[in-house]
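Engineer: Annotations per TrEMBL:
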type     : residues                                                                  : note
ACT_SITE : B:Asp93                                                                   : active site, proton acceptor
ACT_SITE : B:Asp274                                                                  : active site, nucleophile
BINDING  : B:Asp93, B:Ser94, B:Gly95, B:Gly96, B:Phe97, B:Asp147, B:Gln197, B:Gly224 : substrate binding site
BINDING  : B:Cys312, B:Cys314, B:Cys317, B:His348                                    : Zn(2+) binding site
DOMAIN   : B:15-379                                                                  : domain 'tRNA-guanine(15) transglycosylase-like'
REGION   : B:255-261                                                                 : region 'RNA binding'
REGION   : B:279-283                                                                 : region 'RNA binding'
There are 2 protein chains.
Amino acid sequence: MPDPFAFDLAATDGDARAGVWSTPHGDVRTPAFMPVGTAGSVKGVMPEQLAAIGSSQILANTYHLALRPGADVITDLGGLHAVMSWEGPILTDSGGFQVFSLADLATMTEEGVRFVSHVDGSKLFMRPEDSVDIQAKLGADVMMCLDECPPLPCEPAKMADAVDRTTRWATRCRDRWNELDRLTAGGDPQALFGILQGGVDPAMRARSAEGLLPLDFPGYAIGGLSVGEAPAEMYRTLEATTPLLPREKPRYLMGVGTPADLVNAVMRGVDLFDCVMPTRNGRNGSVFTSGGVLKIKNAVHARDTAPIDAACDCPACRRGGAGAFSRGTLRHLFLAGEMLAPILLSLHNLRFYHRLLADLRAAIERGEAEAFAAAELAKWGAGANVAATNPPPGDPVRTQNGA
Amino acid sequence: MPDPFAFDLAATDGDARAGVWSTPHGDVRTPAFMPVGTAGSVKGVMPEQLAAIGSSQILANTYHLALRPGADVITDLGGLHAVMSWEGPILTDSGGFQVFSLADLATMTEEGVRFVSHVDGSKLFMRPEDSVDIQAKLGADVMMCLDECPPLPCEPAKMADAVDRTTRWATRCRDRWNELDRLTAGGDPQALFGILQGGVDPAMRARSAEGLLPLDFPGYAIGGLSVGEAPAEMYRTLEATTPLLPREKPRYLMGVGTPADLVNAVMRGVDLFDCVMPTRNGRNGSVFTSGGVLKIKNAVHARDTAPIDAACDCPACRRGGAGAFSRGTLRHLFLAGEMLAPILLSLHNLRFYHRLLADLRAAIERGEAEAFAAAELAKWGAGANVAATNPPPGDPVRTQNGA
């Protein structure tokens, strides 16, 4: 039978790639950004609004859904596509990142991770096999291996241990995935991606790739970045890592990042991204524009009849035409605590991310990626790495998905 | 020139009326329910979603907007239609109801009302003329007179004073409205409605009508109900009041109410309604269905794959078809604190209200209003007044708009 998870490279330009990632729930034109729906909903955004602004694949969180409402409940409700009211592809992360982001609530042994629920204090023990079982019950198109993601900086010995444990766990995940035999069972097939660790040390990244590539996953994620290191270190790490990965499989940089991060990573051969930044920043009143970051709460916007960005075609800006929400209106709604403000700002930022990558893809197809990236990065600083090591004001938090 | 605020009775059936209320921003087919956008936004709902579920005229709150962001700011932002991104008709209430709902923060004299802002403690003195001026700046299609709305029960002498003051203030509002001469000035014409007071005493209602009818407003509101009296008292009051009002002008029952209230009021000759109930109840997890009230948080819904109401065509229910949100999903989203839950439940409840009145209008046109009302009210109890004196469980709060 044909591979339900084919990845076709439509064009390349230097290291940058324009691809089509196929899933049982439709295609994703890469490079692509996945909005984060931690608990089964991209906060405040209706599924049809997501589709309208160009979302193709969305992400949900295994750890959060396992705790509430529980994987069996999701199954009983028809699976994650039904729960999220989303007909397109869905990816679930494994829970590994929550060991990092909820460190106080997680204890790791070789067997697995013991979580104390951030919701109600209940216990959840998650072995790599459990993570796969839970993700099988959730029913997303793409599952992720349970991994160990150490914070940076990290002692070399500890990093080597994390890399090797991630490889051992990936093997257990793959074995469990094969046992489940979803590809030939009744349900929709699910892909399983491996996750590279190794921090910012090229040798460690190579060690991780060496361990994972023989497992022949249909896609590979680069984890363990955007966890404390400077952006320039992340970009150097990407340069050292993507050449280690199979050319014919999608590459997913987890939990990244700023617009400059996305451009820099695509130029280094990355295809897929997720991050809470566009929605979280939107909920906090910070929006990305073609002219830089804008803080909607600032008093200067009080009587401003201009939209956030007249060049933007999102539901808030509408290119400045009929029905566009002015900066003054958005500021008022934000200060009045009206839900419509975070909704509109989230939609705007997500649309900004999707358009950025769609434009970058078009540039790759034209063979003009380098010029496009340079022009784009100039907006966020004085050049690629400068923009990256100096993130736009107001976006100090570089966060991964989910928590 | 033709009256920009014509009201045409398309059909009557007993006391019930099916009309078309024309405004400079389009027509409203009555009976109609106005969603409440207190601070310039129907909480969590996008304007295009409102239009899609059948909203025609929406309401905003003079008191709240005067305090934040301020009437001049609204003017500078292009007026309320631009701020609300709403091309259809808008009505602003006068602030009079906030004297009742924010009694601790308001002091009334013959000159006007002194408010202490619930937002920042700042002072706002609002004379009847100020209320009209503010509403002129907001630019809604319909303005309301500043009135005195005493809580019930109320001493007869105090009620008589409130009725007479409401008449004197209505005169001052009308005079100010005439001075502004909006009907011939550059801006869109604005209508001004008078508000009857008088509690549940037919003599007092007659006294209020006697004072206000000579002022010849283009529409009349019935205020001072749903402020502590039993529903049956409200219905008796409506029976005594609507016959006092001009047949050829719209009648607006302010801040009412439950589905049973709407049906009972239409059967007694009311044309327009507003109430926070559908949106507030939705935000609290309570939804109206063709089978009664449903509490989405109840554990019984945890694994329920049915939509709220398979007969409903709202964005949450989708008649149970593709993309419908199950009760189990909505319960999960609600308990997880996801914004999408209040958004979807608000849309469902608003659609319920709009469909109820559209169906009732169709019944009026067919001459079957009585039978329709009886069948509808049977769902909420054992008959019209019984349903009304025993509101559906979970809707104990009978609230007016805005606060």
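Note that Cβ sites are derived from N, Cα and C of the backbone, with glycine treated the same way.
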Engineer: In the region 'RNA binding' (B:255-261), how many residues does DSSP put in helix, strand and coil?
Structural biologist: 3 helix, 1 strand, 3 coil
Engineer: Given B:Phe97 (substrate binding site) and B:His348 (Zn(2+) binding site), what distance in Å do their CA atoms have, once rounded to a whole number?
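Structural biologist: It is 27 Å, counting Cα to Cα.
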Engineer: For the C-alpha pair, I'd like the distance in angstrom between B:Cys314 (Zn(2+) binding site) and the residue listed as 'active site, nucleophile', rounded off.
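Structural biologist: With distance taken Cα to Cα, the residue listed as 'active site, nucleophile' is 19 Å from B:Cys314 (Zn(2+) binding site).
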Engineer: Taking Cα atoms as reference points, rank the recorded positions B:Asp93, B:Asp274, B:Cys312, B:Cys317, B:His348 by distance from B:Gln197 (substrate binding site) and give the first.
Structural biologist: B:Asp93
Engineer: Within 8 Å of the centroid of the Cβ atoms of B:Cys312, B:Cys314, B:Cys317, B:His348, which other residues of that chain place their own Cβ, given that this set defines the recorded Zn(2+) site?
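Structural biologist: Here the nearby residues are B:Pro307, B:Ile308, B:Asp309, B:Asp313, B:Pro315, B:Ala316, B:Arg318, B:Leu347, B:Arg351, B:Phe352.
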Engineer: Work through the recorded positions one by one (B:Asp274, B:Cys312, B:Cys317, B:His348) and name whichever has its CA nearest to the CA of B:Gly95 (substrate binding site).
Structural biologist: B:Asp274
Engineer: Work through the recorded positions one by one (B:Gly224, B:Asp274, B:Cys312, B:Cys317) and name whichever has its CA nearest to the CA of the residue listed as 'active site, proton acceptor'.
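Structural biologist: The answer is B:Asp274.
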Engineer: Let me know the DSSP-derived helix, strand or coil state of B:Gly96 (substrate binding site), please.
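Structural biologist: B:Gly96 (substrate binding site) sits in a helix per DSSP.
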Engineer: Restricting to the region 'RNA binding' (B:255-261), what is the model's mean pLDDT?
Structural biologist: 96
Engineer: What does the DSSP secondary structure composition of the region 'RNA binding' (B:279-283) look like, as residue counts for helix, strand and coil?
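Structural biologist: Each residue of the region 'RNA binding' (B:279-283) counted once, the result is 5 helix, 0 strand, 0 coil.
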Engineer: How many whole Å apart are the CA atoms of B:Gly224 (substrate binding site) and the residue listed as 'active site, nucleophile'?
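Structural biologist: A Cα-Cα distance of 13 Å.
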Engineer: Determine the minimum-neighbour residue: among B:Asp93, B:Asp147, B:Asp274, listed as recorded positions, which Cβ has the fewest other Cβ atoms within 10 angstroms?
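Structural biologist: Comparing Cβ neighbours within 10 Å for the recorded positions B:Asp93, B:Asp147, B:Asp274, B:Asp274 has the fewest.
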Engineer: Which number gives the other C-beta atoms within 10 angstroms of the C-beta of B:Cys312 (Zn(2+) binding site), all protein chains shown included?
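Structural biologist: The answer is 22.
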Engineer: Using C-alpha atoms, which one of the recorded positions B:Asp274, B:Cys312, B:Cys317, B:His348 comes nearest to B:Ser94 (substrate binding site)?
Structural biologist: B:Asp274
Engineer: Using DSSP, would you call B:His348 (Zn(2+) binding site) helix, strand or coil?
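Structural biologist: Its secondary structure by DSSP: helix.
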Engineer: Look up B:Gln197 (substrate binding site) in the DSSP assignment and report helix, strand or coil.
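Structural biologist: The residue in question, B:Gln197 (substrate binding site), is coil (DSSP, three-state).
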